[in-house]
Amino acid sequence: MGLGKVSVRVNGADCGIEAIMLGVVTSIGGFLFGYDTGQISGMLLFTDFIDRFGQTQADGTKAFTEIIKSLIVSLMSIGTLFGALSGAYTADWWGRRRSLSFGVLMFIVGNIVQITSMDSWGHITAGRFIAGLGVGNLSVGVPMFQSECCPREIRGAVVASYQLMITIGILVSNAINMGVRTFEDSDASWRIVIGLGIAFSLPLGIGILFSPESPRWLAGRGRWEESRIALARLRGLKDDPHNSLVEDDFNEMQESIAEQSKVGSGTWSECFTGKPSEIPRLVFRTLLGCAIHFLQQWTGVNYFFYYGATIFESAGVDDPILTQLILGAVNVITTFPGLYIVERLGRRIPMIVGAVWQSVWLLIFASVGVARPPTEYKSSGIIMIVSACMFIASFAMTWGPFAWVVIGETFPLRTRAKQASLATACNWLGNFLIAFLTPFANSGIGYSFGFVFCGTNLAAAVIIYFFLYETKSLSLENVDAMYSDMSLKAWQSSKWVPAGYLDRKTRDDTFFSRQRSLNTVGAHERDSYSEKSGTSDEAKMAERRV
């Protein structure tokens with residue numbers, strides 16, 4: 001068992017308390033994502049916000065024009081798109097931890113710019129753009145960091161918790177909007193909503209610096225001993241870094257990374273050409289990640305969260321912000337089953353079923369809205385709210401968390417940061433298009449916009465069936481090995497078992513004992529060299545740094 005063991009049993013394996021705490025702290029990045037997404041819907045209805053940043057109409061009143069409303073909401077998404085692309089550089093240059101702290105810093109700066117806005121919609125929009133740079137950086141860094149650090153037995157649930165925190169962030173922002181609405185004619189209303197985002201971001205920016213660095217990032221830099229120590233900490237075996245459990249994880253990782261490192265570091269062009277590494281299905285995985293994340297937005301979820309209050313107000317609902325709060329609560333509650341489903345049923349089947357289910361309820365939403373306008377038939381408004389709740393329940397259990405799980409485990413280490421950035425940038429591109437186009441769609445085709453989302457959900461189901469491989473219970477290195485099996489089809493992938501395993505959860509002890517014996521000589525040689533060269537002290541320093 002080893003000395004100094006601080007771990008818990010999860011899914012039959014040892015997981016360190018630090019791994020669980022890392023998952024909790026980093027998921028705050030998802031909370032910031034959700035909080036910023038949810039806050040703007042209610043703020044667009046605040047009296048003081050409209051008076052300060054709205055446009056004077058012909059009758060002398062203040063209101064937002066469609067183009068200004070679109071820009072205020074959507075420029076944050078453009079910021080997050082660029083922030084996602086920058087995440088590839090910061091995560092590789094500075095390490096996964098410092099990159100996350102940088103993302104928090106950008107988010108705080110953006111919020112300060114928004115709080116200091118007085119009467120210029122350009123000022124508030126610039127602040128949302130800057131905050132978006134931080135959120136975009138975090139949206140790449142958090143799932144990647146979680147996937148690289150967390151033991152495979154809890155990886156899916158931990159990364160899915162990122163989406164859970166997004167939903168909680170949306171709900172909290174809706175609740176705060178509800179609370180400050182009592183003084184919406186004061187600038188304190190929207191300034192409090194924005195300012196609280198700064199307080200919520202600090203635990204992530206500071207707490208992450210006390211977590212272990214990604215062992216795979218360290219190994220990719222040739223810092224093997226630090227990588228081993230980080231793995232041991234994440235298994236709760238800090239004082240026993242040569243424990244067989246740590247050794248097996250380390251050897252799996254070492255072989256894969258050493259092979260990929262032979263041809264240097266990955267480039268942007270390699271993500272689209274596969275050269276010079278010739279890693280199997282590399283371009284395939286780039287396009288798959290981009291498609292899944294673009295379609296996650298085009299399921300239509302942020303059609304409701306960005307403009308839900310406005311949509312339901314126009315539908316004649318008496319209290320649109322309360323309706324938005326209900327949708328947010330459904331989003332949070334139904335995300336919890338997703339944390340269970342992702343580890344029990346895998347990724348493929350829930351995403352296929354979820355996409356089909358979502359398309360059905362969007363079809364109902366759009367059909368009722370077009371055939372029986374809710375402004376004329378009160379029952380239509382009720383049916384549309386129920387349809388929205390059923391849609392959001394499915395999204396929260398499947399496409400919401402699962403898309404982030406997939407992005408964290410599909411790509412090889414060599415190009416992981418860049419491919420994750422590209423996929424996340426596509427997420428934010430889809431997000432921007434929804435945010436920008438919805439006001440025009442509402443005034444143009446009305447509720448028929450729901451038919452578009454119905455079609456995109458069906459397309460998403462088809463893509464998952466034919467192209468996404470089942471990664472449940474596999475280490476990241478074995479995920480890479482599975483995608484590298486050119487004879488394997490996506491719909492057959494759930495039956496694939498890696499070398500050295502009896503099934504996906506059960507290691508073949510004979511195989512790994514043989515692997516450890518092969519590495520014993522090399523380990524003794526490294527220890528001998530360390531004693532002669534005096535690097536044992538450096539290893540201790542490395543432990544403190546990690």
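Quick reminder: no glycine exception, Cβ is built from N, Cα and C everywhere.
Curation does not apply to TrEMBL; its annotations are automatic.
The compositional bias 'Basic and acidic residues' annotation in TrEMBL covers 523-546.
Among the features that TrEMBL reports, domain 'Major facilitator superfamily (MFS) profile' is placed at 22-472.
According to TrEMBL, the region 'Disordered' annotation covers 521-546.
Annotation source TrEMBL lists transmembrane segment at 12-35 (among others).
The transmembrane segment annotation in TrEMBL covers 67-88 (among others). Counting only same-chain residues 6+ beyond the ends of the transmembrane segment (67-88), those with a CB under 8 A from a CB of the stretch are 36, 40, 44, 53-55, 99, 103, 106, 110, 121, 124-126, 128-141, 306-307, 417-418, 420-422, 424-425, 427-429, 431-432, 435-440.
Sequence-distant neighbours of the transmembrane segment (100-118) (same chain, 6+ residues past either end, Cβ-Cβ under 8 Å): 26, 29, 32, 52-53, 79, 83, 87, 90, 94, 124, 126-138, 141-142, 145, 191, 194-195, 197-198, 201-202, 204-206, 208-209. What TrEMBL lists as transmembrane segment is 100-118 (among others).
Annotated transmembrane segment per TrEMBL: 124-145 (among others), in sequence order. Listed as Cβ neighbours of the transmembrane segment (124-145) (distance under 8 Å, sequence separation of 6 or more from its ends, same chain) are residues 22, 26-27, 29-30, 32-33, 36, 40, 53, 71-72, 75-88, 90-91, 96-97, 99-100, 102-117, 159, 162, 197, 204, 214, 404-405, 407-408, 416-417, 420-421, 424-425, 427-428.
Feature annotation from TrEMBL assigns transmembrane segment to 157-176 (among others). When Cβ-Cβ distances below 8 Å are used as the criterion, the transmembrane segment (157-176) is approached by residues 19-20, 23-24, 26-39, 41-42, 142-143, 146-147, 150, 192-193, 196, 200, 305, 321, 324-325, 328-329, 331-332, 335-336, 338-340, 342-343, 396, 400-405, 408-409 of the same chain, each at least six residues removed from its ends.
Residues or ranges marked as transmembrane segment in TrEMBL: 188-211 (among others).
Residues or ranges marked as transmembrane segment in TrEMBL: 282-301 (among others).
Sequence annotations record features per position, and here TrEMBL assigns transmembrane segment to 321-342 (among others). Same-chain residues lying 6 or more positions outside the transmembrane segment (321-342) and placing a CB less than 8 Å from one of its CB atoms are 38, 41-42, 45, 156-157, 160-161, 163-164, 167-168, 170-171, 173-175, 177-178, 181, 304-305, 308-309, 312, 350, 385, 388-389, 392-398, 400-402, 405, 472.
TrEMBL lists 349-370 (among others) with the feature transmembrane segment.
Sequence annotations record features per position, and here TrEMBL assigns transmembrane segment to 382-408 (among others).
The transmembrane segment annotation in TrEMBL covers 420-441 (among others). Sequence-distant contacts of the transmembrane segment (420-441), counting only residues of its own chain at least 6 positions beyond either end whose CB sits under 8 Å from a CB of the stretch, comprise 66, 69-71, 73-74, 76-78, 80-81, 83-88, 132, 136, 139-140, 143-144, 271, 286, 289-298, 300, 302-303, 306-307, 403, 407-408, 411, 449.
Here the transmembrane segment (447-468) has Cβ contacts under 8 Å with residues 284, 288, 291-292, 295, 298-300, 303, 347-348, 351-352, 355-356, 358-359, 362-363, 365-366, 368-370, 384, 399, 406, 438, 441, 490-491 of the same chain, all six or more residues outside its ends. Per TrEMBL, transmembrane segment is recorded for 447-468 (among others).
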Which residues, given as numbers and ranges, are at least 6 beyond the ends of the transmembrane segment (349-370) yet have a Cβ under 8 Å from it?
299-300, 315, 338, 341-342, 380, 383-384, 387-388, 390-391, 394-395, 397-399, 402, 446-451, 453-455, 457-458, 460-461, 464-465, 468
